[in-house]
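Enquirer: Input: one structure, supplied below.
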């Protein structure tokens, strides 16, 4: 049955208008975004197929093209639409980190870093450069490595901090292996980085390790204290 023949209270778009987006299930929100399904399959049924296949929104939005396009009703246009969603969310979070309130919300920082790093198959090292009010001046990818190793040069991080006239820095990298526990090389690198930044009066606020949906904070675990 076509969605147009459903009771108004069960149609995702009408339900959203009446009750707000929070009242919709993941599949219903996806259906609103996809707009149409396929022959003999409504947008809601297509959305449910996607959720059954991938199990979560995170897995869906980070899935490769071949896996998504293997679902009947998912063409390249719809796949492209899906790719835009996490990027829009990442940019929205980046804007929130630039507001006068700065980094008052650790959850926003975690979400931003998770959206930026979790989908990547290689280890990538990023830096958030902050002003004296903890507002983000810039976010830069500085190093990219193999699946299990990234060469990080503290002097380059310090150089970029000076270029941005940053008062403090947050660094982060991902573990594509799925384990967010810092390695000994992570701890050693953080010690070197903290010392290099200290020489130019720039504070290292935190180092995050991102692995899938998990984010490890050096600051929260007291590991920054041992790094200086």
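Positions of Cβ are set from backbone N, Cα and C atoms, glycine also.
Quantities reported herein were computed from a predicted structural model and do not represent experimental measurements.
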Enquirer: Select from 159-172, 173-186, 187-200 the stretch of residues annotated by Swiss-Prot as motif 'JAMM motif'.
Expert: 173-186
Enquirer: Over the span of the motif 'JAMM motif' (173-186), count residues by DSSP class, listing helix, strand and coil in order.
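Expert: Once the DSSP states are binned, the motif 'JAMM motif' (173-186) shows 3 helix, 2 strand, 9 coil.
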Enquirer: For each of 173, 175, count the other CB atoms within 10 A of its CB; which of these binding-site residues has the top count?
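Expert: Top count of Cβ atoms within 10 Å goes to 173.
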